[in-house]
Amino acid sequence: MNSASRITLFFLLTVLITQECLSSKGEDRLFRRLFRRYNQFIRPVENVSDPVTVEFEVSISQLVKVDEVNQIMETNLWLRHIWNDYKLKWLPAEFDGIEFIRVPSNKIWRPDIVLYNNAVGDFLVEDKTKALLKYDGTITWVPPAIFKSSCPMDITYFPFDYQNCSMKFGSWTYDKAKIDLVLIGSKVNLKDFWESGEWEIIDAPGYKHDIKYNCCEEIYPDITYSFYIRRLPLFYTINLIIPCLLISFLTILVFYLPSDCGEKVTLCISVLLSLTVFLLVITETIPSTSLVIPLIGEYLLFTMIFVTLSIVITVFVLNVHYRTPMTHTMPSWVRTVFLRALPRVMLMRRPIDLSESSGKGGGEIAGSSGTGGGRGAEGKKMKSSASQQGAMNSLEFGEGKAALEGKKGGCPCHPIKEAIEGDCGKVSRQLTPQAINTVVTFSVVSPEIKQAIESVKYIAENMRSRNKAKEVEDDWKYVAMVIDRIFLWVFVLVCVLGTLGLFLQPLIGFFS
């Protein structure tokens, strides 16, 4: 570095140091002059009857918390106060051109503006921040403060709720004749607002009021800011509403599960237990208040009733499903309603037994073993045809007897054997009680054959009774299936309409 550069650098440093010293001395002289005889307890007015005009503005930095249980809104605010103090004026030319000076706020007179609806903490802001003083006496004081204001909340539509929280600022001791508040702007300053993850500020207008209280004759001005906030429902939708919807649809699946699997009640109890555990987990999330029932609370109660009714109905369906002819007799109206009318309405088609569809003109066994949905007129027709066929069998075996008696010569056993062998196909095809009785009555057979025929008759009667019992059991099972299908659609409609009805209420209330 050459000598010229060194001289230039030294000259600049000297000028800066000298100017700083002069500025410090000028500011010190100004401070001593301003506060030599200043009294911070006296209102800064030349005429005692004149009010001090205080311009007031609120800037919100952060919406810290909204406590629904205690009904408190916690905010971080910057309060801008602007007023003029005639005793704090100076000429900048006399003090090295100083136009602004920062002074401790406890050294000057300050308006005692407090938050009227403060819930917790101090009503006054702290005086640790400095005030900006201008040469013409204008004072700007912007103290930051964290307020916990009381806010009556309506959580009826939680978590889709809107809240209106007000903050009322005003002088606590000075009436309008002493301090006149002027609102800066028409709403809260949101330029430095940090977005909250739970709440959104829709609007925050400000209003000035002049109120006469019962305690005093004077009129007191105040500035009230109304914070219109909306809860962001994404967190509650994912953690509350969607699990409840899934549990509700699991309840619907109970009615689609077949009764024979034996897991219907198990599924119902599992859904109820899962809902109970879920309610225990989210108890701290839901606002615990007895003033109103929140929307999510109504939906959880709706889901609980939903699951409980599904258990009751499932027990009833299982009771119907496992009924037998030995314990219950099916009334005719049940057969008409649940076996004929309702299946058509519910678009249910009962499969027809193959034996019935393949041999409609067969014997009584085939007719009685069919599992078709309608057993009224068709069953009667089958029974009448079976009785006619029994009479035909009697006639046929009667002719066989006459033929046997018409035989002459030889052992009587041979004609009997031939007659039996000749009619064997008919007996095997139409094994009815009439046919068996005809064989036993009009045939001269050995005791062994009679015993065999009686055994066949017993087996046929047993098979017939079992088939009839099986038919009745199948009818009861089909009735249970119809009831299941009815409640399946009923629960689907109730679940969809109930969900839409509950969660459309906030939207309807907002537009109304």
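For all residues, glycine too, the Cβ spot is worked out from N, Cα and C.
Straight from Swiss-Prot, the features:
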type     : residues      : note
SIGNAL   : 1-23          : signal peptide
CARBOHYD : Asn47         : N-linked glycosylation site
DISULFID : Cys151-Cys165 : disulfide bond
CARBOHYD : Asn164        : N-linked glycosylation site
DISULFID : Cys215-Cys216 : disulfide bond
TRANSMEM : 243-258       : transmembrane segment
TRANSMEM : 261-277       : transmembrane segment
BINDING  : Glu263        : Na(+) binding site
TRANSMEM : 300-318       : transmembrane segment
TOPO_DOM : 319-482       : topological domain 'Cytoplasmic'
REGION   : 356-389       : region 'Disordered'
COMPBIAS : 359-376       : compositional bias 'Gly residues'
TRANSMEM : 483-501       : transmembrane segment
Spacing of the two Cα atoms, Cys151 (disulfide bond) and Asn164 (N-linked glycosylation site), in whole angstrom, works out to 8
Just to verify a number: CA distance, Cys215 (disulfide bond) to Asn164 (N-linked glycosylation site), in angstrom, no decimals. 28
Nearest-integer angstrom distance between the alpha carbons (Cα) of Asn164 (N-linked glycosylation site) and Asn47 (N-linked glycosylation site): 41
By a three-class reduction of DSSP, Cys216 (disulfide bond) is assigned coil
Spacing of the two Cα atoms, Asn47 (N-linked glycosylation site) and Glu263 (Na(+) binding site), in whole angstrom, works out to 90
Between the Cα atoms of Cys165 (disulfide bond) and the residue listed as 'Na(+) binding site', find the distance and write it as a whole number of Å. 52
List nothing but the one residue from Asn47, Asn164 whose Cβ has the fewest other Cβ atoms within 10 Å; the candidates are the glycosylation sites. Asn47
I'm trying to understand the geometry here, so how far is the Cα atom of Cys216 (disulfide bond) from the Cα atom of Glu263 (Na(+) binding site), in Å to the nearest whole number? 75
Long-range Cβ environment of the residue listed as 'Na(+) binding site', under 8 Å and at least 6 residues apart: Leu257
If you count the other Cβ atoms within 10 Å of each Cβ, which of the disulfide-bonded residues Cys165, Cys215 comes out on top? Cys165
On the three-state reduction of DSSP, what should I expect for Asn47 (N-linked glycosylation site)? coil
Across all chains shown, how many C-beta atoms besides its own are within 10 angstroms of the C-beta of Cys216 (disulfide bond)? 9
